[in-house]
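Taken verbatim from TrEMBL:
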- 49, 50, 88, 118: 3-methyl-2-oxobutanoate binding site (BINDING)
- 49, 88, 120: Mg(2+) binding site (BINDING)
- 186: active site, proton acceptor (ACT_SITE)
Ligand code: KIV
């Protein structure tokens, strides 16, 4: 499915204008069918580098490549008609220089059809954000807990507690000044997220942050309950698909072992009755 002329897509400037308005709804997606569901309900769909952990079983996002993001970005693009499509820049594809970031961001935009990229980092990435935005690539920034820096943080810990909060405030201000159209605030104290949302002129998109943010984002597999082992505090589960999938697979295995599947409905006759195999002719066709 591609964006059709009749459907008005959400754009980065439209997102920026939503500051202080009805909260922006954002979810991650990595495949066409899931993107199509999310598109009917979300303002923004993010092809997050969380794809590495969620779909590929990687221990962190650090092993995610540009090729993986392009592959999943293209798949998601086919499911999106209306929402703003944002694709994450993976670790090692933008930190070296603004030129390196532009080269790789341009590939993401050209090859996936996304309208914006997301990259992690505040003050240190401001120059790069300015470089990209001035050259026609809208940037969603990401500050607070930036998972690509997990080794420097020593784990996926809450960021910005106590005096450390000033560091996150400075990061959020810097990315806004550099031209980012929105900023993800991940795993920071509620009061800090409220303060940043009040102080920066661009929408804040919270994950483990605050209801006061200008929008919220979740990893779709987390909110659908696809995992049974892992349950972050900041995730509200809206379904338990992991349990349903487990029960369905167990029932299938039992049916196969007991020859209950396939049943008469699922097998073909010897050709006497071919009606189910013949495609009806279109009206007026010869
Ligand atoms: O990779 C991702 O899914 C993200 C969101 C959690 C914000 O960066």
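Here the Cβ of each residue, glycine as well, is placed from N, Cα and C on the backbone.
Please treat TrEMBL annotations as automatic predictions, because they have not gone through curation.
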Contacting binding-site residues, sequence order - 49, 50, 88, 120 vs ligand 1, Cβ under 6 Å: 49, 50, 88
Among 49, 50, 88, 118, the record's 3-methyl-2-oxobutanoate binders - longest CA distance, Å: 12
Nonlocal neighbours by CB distance (under 8 Å) for residue 120 (Mg(2+) binding site), same chain, sequence gap 6 or more: 142, 143, 146, 147, 148, 149
Lowest local Cβ density (other Cβ within 10 Å) among recorded positions: 49, 88, 186: 186
Neighbourhood of residue 118 (3-methyl-2-oxobutanoate binding site) by C-beta distance under 8 A, where only residues 6 or more apart in the same chain count: 46, 48, 86, 87, 88, 89, 139, 140, 141, 142, 184
Nonlocal neighbours by CB distance (under 8 Å) for residue 50 (3-methyl-2-oxobutanoate binding site), same chain, sequence gap 6 or more: 28, 61, 147, 219
The residue listed as 'active site, proton acceptor' and residue 49 (3-methyl-2-oxobutanoate binding site), distance between Cα atoms, whole Å: 14
CB-centroid shell, 8 A cutoff, 3-methyl-2-oxobutanoate site 49, 50, 88, 118, site residues removed: 28, 46, 47, 48, 51, 61, 64, 69, 87, 89, 90
